[in-house]
């Protein structure tokens, strides 16, 4: 008797957490939208939606790369510092034009990703540890490059990137959408994507199947680094200034949260792109909701902390199933 | 029609069959008979442990050597460096980080990590300023209680629920920062401290050294003693060295983990309180990135990031090295103070790569 | 009086012990007795129930039916600690100590001698040194444990276990009540370390401590054990004095063939004809593995495989069969020796290169080394052949679906759709998915490690028939199996391994059950010589 009821309960619990993990993020975003439309003043306006999407765009782009890394059972703590590097490099190279400036930032992201990837895949250092070094040093390097200064950006093209629109849609949102689509195709349709997920799900079996495990891992960290750099460029353009001290601060946490909330387990083997995008939206909406309802930033941070723990806990339930 | 049997390679000749066994045995057959005298304590057959400990020792010595070198060069080349004033200053600056890094040493030896200490440190300072209104006792108890509680929750989430330490402590980094902002009107209010007996904890001197330095020395001595000479210390090492084995040996692994995270929170809070006493106010903006400084100091001091080995003395050396370099950078005019974290990061990178490479010659085994 | 009875009554026994796991009966009515002061061998192949029995005796598992008795009294060990408190210690194959800590610390961890609350190091070192001398360890006990050889580490584990029991147990007959269980203690030991272990066992034996000794090395068993218990498929098939039993009898009991029954004809679906399509003497081997050494399990193995030939690889558990297959694939790095495929030498330790060159391996452990559990059947099948099915790195849906459909039909994989997750399939269908994955790579040589283990009869027959068919198509197959019928009926030639070396090679009419058994047991010289 007791056994049966216990069994029933644990089954229910499993089902609930599975549902939460698979669809929780969509439900939560929907619930927040409904709540805001009903109770928050001035929420239901095109301008506001545009603002929300623009603010979610950098998180979303970083989270896409993070999702790939987490899909291989890794993590990349250096993304915030990579964004800071972008913030330092863009103003520095803007004199040569917008394209060289952006390229410089992306190359820096690529280099950081390459270093992370080699440390993880070839030297065999745990991902947390390997990426920690660049979390520590990356922002310092960015500040050294910028001499600790906030540098204003006056280049009109660069500023357009942050505030311009295409067909009424902010450029930043368009960029985020295009990158999301590309990453979605990469995961679902390409050799690389298939191998990535297989390696995250069962690395031994993948090795025995002759997959180039190390090369795929390096590729994943490189993509993550480049995406983080791109997010840094956009954030800089949006701000209208290169601010290496604050750009991307704690971004690793927001990105990991967006990914985990979106249903990608930390144990790897699964990458949910749509979930990740909604995870990023959720984190942004949550913050906006709290702030728009006159709850201070401090509360927003504490709520975010609670959401993270909850998301990891739910994912853990799933993992041990 | 059968496939031809290829000529047998030499391997198929069983050497075993030709060696008779010395002792009588009821069963006949081929037995590989070891004839050498038994001596199980021959040359090490699992070199990776030696190499790991060697790496740890090398780093500790390396960090100490680097410290001495930097000290010597700076002493000679920088006129103001060797002054008593400057030395006192380095000691005082190091004392706060040393207390935080002490807790971090315990956490890392168990194989974990605590990213929340920077925020908890800042929170401790603000709470001390808050508590100082009701006297020195509250000024100490309030931060210790709250920060200890945050550490305890970290420990429970990590040890009981098995959540990854870096996520749990990143979340509590955010939580502690949020709490700090909440009690300071979103960081806009800096509470000054007027309680003189509390202020003296941070500002008075004894035998020429500031009280925070003495606190750091005493705490590190106790910490070292606990780590090296108590059953708890042995359990800390065992938990980080081989958790499964420690469990099978009946050691209180969960309790050990909860304790070290609580300890880390407690020490960070205490360091925050001392800093508040020193600065005469609960400054809200300090502590950002302090967790990274602490981790770098611990690892540079020879503690294995994978857990299982490390010393408090090494951590102290790591902290001193960091602050001496930072002091030198400040003294060389025109050098960006941000080089500090670049150097820390590069050091960290070097150390983990060396740790890994030195321990990589392990005998390969399936899974 | 009491002591008198204890001398004869078993110190530890299961009475009609039954342990059930989902779908399988791991222990089926096992009545096992360990007598005080004896050295008792426990043998059986994979899945025989040995480890389940050990786990029941040490409190890791609890019996579902029957009774566990300690010194004649029914007991129930809820946790491993309970068994340890009752004086039952276990030495595992993998040393469960802390390699980075000192030897002395490892002996005393959790029970360090203290003075004024601090660990009394001097006393700890002195006592540890004293204690370990009895176990033949004379090293400096302040050294890290990991600096010792594996054998010496095992000895430290043993010393710790016995010492812990001696100090926690007290009263009369404490020695006689003690049990030490050794689970394959010699599997990673050097010969001289084995000697020391035996000396220690001898000493424990004299102290009256009962020892349960699990090993696959027959030589060892015959040297040190008094009695033996043989398990097979969860049932106890024999228990008795070891000296009365011939090796070949022991091996046949382990492998499930009575000596008298050995002529009985096969129960497999392999065809009767031999496969080799190439004329004798003129065939070029597609794969030549020469003098492979990969310590510790592969010591010297040479195998040739010809196109269209099924080469069986026989030997007891731990003889190095799986390791040989892995070494050929490159999953285990070679210390020496070469693998030549189609005339080209393969780089050592590079699975990718081997796969591209045309070697594929169906691993023994389907769950850990084979399936990618949360991916679909489709993705699992094409995993190893993605480059062939892609253009510019983009997977072609049509070509992929074509291939998947072909193999699902050919191998009769039963699933709701190709999108079903592999983890949801039955063992047999999972195995077929993996076979499809390897066939999809169009291999020249297929290494099959226990291809029919743990799958139902129907699937087993299908897999066996498929192996036949593949060989007829000209594929070279290495068939690793612990089932004699499968080897005899399925192979053109059988290579027998013993302790990591080739102990015999049988071909044509020589491939019989008794010849294989002889070679495994090592009663005779070279079976094929």
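Just so it is clear, glycine is given a Cβ too, placed from its N, Cα and C backbone atoms.
From the options A:194-215, A:216-237, the stretch TrEMBL describes as transmembrane segment is A:216-237. By number of Cβ pairs under 8 Å, the transmembrane segment (A:249-266) is matched best by A:52-70 from the list A:20-40, A:52-70, A:128-146, A:166-187, A:298-315. Remark: the transmembrane segment (A:77-96) contacts the transmembrane segment (A:128-146), by the rule of 3 or more CB pairs under 8 A. Taking Cβ pairs closer than 8 Å, the transmembrane segment (A:298-315) reaches residues 17, 20-21, 24, 253-254, 256-257, 260-261, 265-267, 283, 286-287, 290-291 in its own chain, all 6 or more past its ends.
A contact links the transmembrane segment (A:166-187) to the transmembrane segment (A:216-237), because at least 3 Cβ pairs that are 6 or more residues apart lie under 8 A. Against the transmembrane segment (A:273-292), stretch A:52-70 shows more Cβ pairs under 8 Å than any other of A:20-40, A:52-70, A:216-237. Within the same chain, the transmembrane segment (A:102-123) packs against the transmembrane segment (A:216-237): three or more Cβ pairs sit under 8 Å, each pair at least 6 residues apart.
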